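Participant: Right, I'll just put the structure down here and ask away after.
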Amino acid sequence: MMMVSSKTFSSLQFFTLFYLFTVAFASTEEAIALLKWKATFKNQNNSLLASWTPISDACEDWYGVVCFNGRVNTLNITNSSVSATLYAFPYSSLPFLENLNLSMNSFSGTIPPEIGNLTNLVYLDLNTNQISGTIPPQIGSLAKLQILRIFGNHLNGSIPEEIGYLRSLTKLSLGRNFLSGSIPSSLGNLSNLSFLFLYENQLSGSIPQEIGYLRSLSILNLRTNFLSGSIPASLGNLNNLSSLLLYENQLSGSIPQEIGYLRSLSILNLRTNFLSGSIPASLGNLNNLSILFLYENQLSGSIPEEIGYLRSLSKLDLSNNSLNGSIPASLGNLNNLSFLFLYENQLSGSIPEEIGYLRSLSKLDLSNNSLNGSIPASLGNLNNLSFLFLYENQLSGSIPQEIGYLRSLRILNLGTNFLSGSIPASLGNLNNLSILFLDENQLSGSIPQEIGYLRSLRILNLGTNFLSGSIPASLGNLNNLSILFLYENQLSGSIPEEIGYLRSLSKLDLSNNSLNGSIPASLGNLNNLSFLFLYENQLSGSIPQEIGYLRSLRILNLGTNFLSGSIPASLGNLNNLSILFLDENQLSGSIPQEIGYLRSLTMLALFRNFISGSIPASLGNISGLHLLMMSHNNLSGELPSSISNLTSLRILDLGRNNLEGIIPQCFGNIISGLQVFDVQNNKLSGTLPTNFSIGSSLISLNLHGNELEGRIPRSLSNCKKLQLLDLGDNHLNDTFPMWLGALTELRVLRLTSNKLHGPIRSSETEIMFPDLRIIDLSCNAFSEDLPTNLFQHLKGMRTIDQTVDKPSYEANGYYQDSVIVVSKGLKLEVVRILSLYTVIDLSSNKFEGHIPCVLGDLIAIRVLNLSHNRLQGHIPPSLGSLSVVESLDLSFNHLSGEIPQQLASLTSLEFLNLSHNHLQGCIPQGPQFRTFENNSYEGNEGLRGYPVSKGCGNDPVGERSSEVKGITEEEIIASRQVTNKEGFDFRT
């Protein structure tokens, strides 16, 4: 017996020693393998891994290494600043490894297929590295894996279907990569999965219905991909699901009602897709739902009242859809609601007073809908409300004073409604208010001085209302105010000097009011001011020099007032100023040379003042200037050559001054870049510039009313974008420049009152002047026959087009083209509508021969003037086709025969002059012809009938019709602007 026991003991000793020997051998092998892998690291001086040495115990001393029974079981070196690859990792040397965490390092390269050798892995975490390439299918061999986290890398390619073999998996996170392709349906096999994170990839295709088999799933996050198709109804089987995040995809179709079966759901976020149809009422069953985000879809129909059953709801956002109908009163049951966003829908009806029951509400946004009725006073109960947005609706009535009870309110925006009445003084109680928008309503009365109590206010916008009275001085107490907009009201009185106390102010807009008095010098204290808009008021007095202290100012607009005196030189200190508008005032004196110090200036408008003296050469220093408008002043002297330095200039308008001398040839440096060059009605002499270069941007060139002479330069043909060319009222001596016909965008050509001569001949085949709308060659010496071939080319006059685009200039809101036309016997300045007003004026020349019938094809003509020539023959009946002609003047010619009966059909004709010809026969009778006086026909001895005689054959004789529409009194009052039935603007 002792013998057996001794043998047994010896055997146990042997096996124990053998086991300890093999364990020691195996752990040494693992340590060596790990050291070899460490040797491949790019940063060998890693302090955290300094413990990895051959002389230390891997299981006891190495950072991140945990052993079990002497074998490496866990390797966790997360966030250890390791920079390496996975290629040399000892996959085959760590057979007992269960937990591998290499997250939050700088691992790069791909995941080798040898990862499949770690068959005992339970936990694999490679998140937040720089790993690229595809996920190897061998990962499907890790049958014991429960947690797989590879999010936050650069992985691409598709998700291998082999991941569906990992039946033990509970958490799968592949988010924030570049994975593409569809989600494999094999994931439906992962019956133990509780977390599925595939967010922020490039996955496409539909969501597989097999996802609905994952009964253990508690969080499903597929957001921010390119998933399309409908949401599978099978998701309704996920009884344990607490979070469903499918937002920022391209999902379409309706929301399946089966989503309403997910009784454990606390977060449902389907926003930013293309979901359509109505919101299913079944969502009202989700008793545990705290967040419901369906915004930025195409949902329609009404908001189901069942949403009001979601008593756990804290955030509800249905904005940016096409929901209609009224807001259900049942929403008032949502006691825990803190966010309610329904903006940018098509909701109508009134705001239910039950919204006032939501005592937990901190943000309410119902803006951009069609809500009407009044603002319910019950909103004053929302003690926790910090944001209230009701703007861009159709709300009416007054602002309830109860809004003043919302002491937590920080932003109140009621803009763009039809609110009326006065601004309640109770708003002065909102101590925490930082932003107040009441703009674009119909509010009246004065601005309550209590607004000055809002010491936290940063933005105040009361623009576009009917507010009257003076600006309260109490606004000067708003120390934190950065934006003050009171524009487009009926405010009167002076600007209070207390506005100058608002040292935080960056934008001040008091434009479009009836403010009077002087600009307070205290505004010079506003060191942070970048925008100052005081235009279109009745301000008078001089511009205070203190404005020059506003070193942060970028835009200064004082236009359209009654400001007088000189422009202060101190404005030259405004180094950051980019826009300066002082136009339409009564400013006098010269332009200070200090304006040339404004090196940041891009727009300078001084037009319509009484400014005199010469243009300072220092303006040539403002190299970034795009717009320079100084027309309608008393400027004199020559054009400074320094203007040629302004190579960024796009609009140069110096018209209607007393400038003299020549146009410097060096202006060619800027003309090629200009869109508008207007020096009309000055005293400029010499010849036109000859160096219009190829590629010129010129759209409008107006040199009308100067003393220019010589020929029209052929280089103008390089201005391919030219739409308006006015060289009228000069001393040019040339033949007709038919080569201008190649400018296919030319709409207005005025060469009137020059010394142009000779016949006008054009090719029958070559396309000429295809878009011309106004051609005025009057008061020259053109001779021979009227240019029939030219008329045949005028395609722009063959159709009546009311949709022709206006010229597109930089700063087109400031510069307007204008030309003089003779219409209805008066000289009219046509502005803004050059694309629609159509004129042919060949009067006061030496044309002879017949009026060509082809003129009747130009049916868009509104003014036709062939008077004071030597034309003969009959008036062609084809002129009866000019259905929109308003003024027809054929006087002082040698025309004979009868007046064509077809002219009686011209119902738009308001002015007719056929006088001083050799016409005979009966005057046609018609509605418009009965409006014309004797002077329309005088000098034609052979004409009979009304109004020159008592009768003509069987024509009735009677008094003038009560419908006579002669030239109206308004049309003949000098300097009065009128608008006719087509919306055209004229200045007589």
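Cβ coordinates are placed from backbone N, Cα and C, and glycine is handled just like the others.
Pulled these from TrEMBL:
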DOMAIN    29-67  domain 'Leucine-rich repeat-containing N-terminal plant-type'
DOMAIN    185-294  domain 'Disease resistance R13L4/SHOC-2-like LRR'
DOMAIN    330-438  domain 'Disease resistance R13L4/SHOC-2-like LRR'
DOMAIN    475-582  domain 'Disease resistance R13L4/SHOC-2-like LRR'
SIGNAL    1-26  signal peptide
Participant: What same-chain residues lie close to the domain 'Leucine-rich repeat-containing N-terminal plant-type' (29-67): Cβ under 8 Å, and 6 or more beyond its ends?
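Facilitator: Distant contacts of the domain 'Leucine-rich repeat-containing N-terminal plant-type' (29-67): 73-77, 80-85, 87-90, 93-94, 99.
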Participant: Write out how many residues of the domain 'Disease resistance R13L4/SHOC-2-like LRR' (330-438) are helix, how many strand and how many coil, based on DSSP.
Facilitator: 24 helix, 27 strand, 58 coil
Participant: With DSSP as the reference, give the number of residues of the domain 'Disease resistance R13L4/SHOC-2-like LRR' (185-294) in helix, strand and coil.
Facilitator: 25 helix, 27 strand, 58 coil
Participant: Average the per-residue pLDDT over the domain 'Leucine-rich repeat-containing N-terminal plant-type' (29-67) and send me the rounded value.
Facilitator: 94
Participant: What counts of helix, strand and coil residues does DSSP assign across the domain 'Leucine-rich repeat-containing N-terminal plant-type' (29-67)?
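Facilitator: Split into helix, strand and coil, the domain 'Leucine-rich repeat-containing N-terminal plant-type' (29-67) gives 14 helix, 3 strand, 22 coil.
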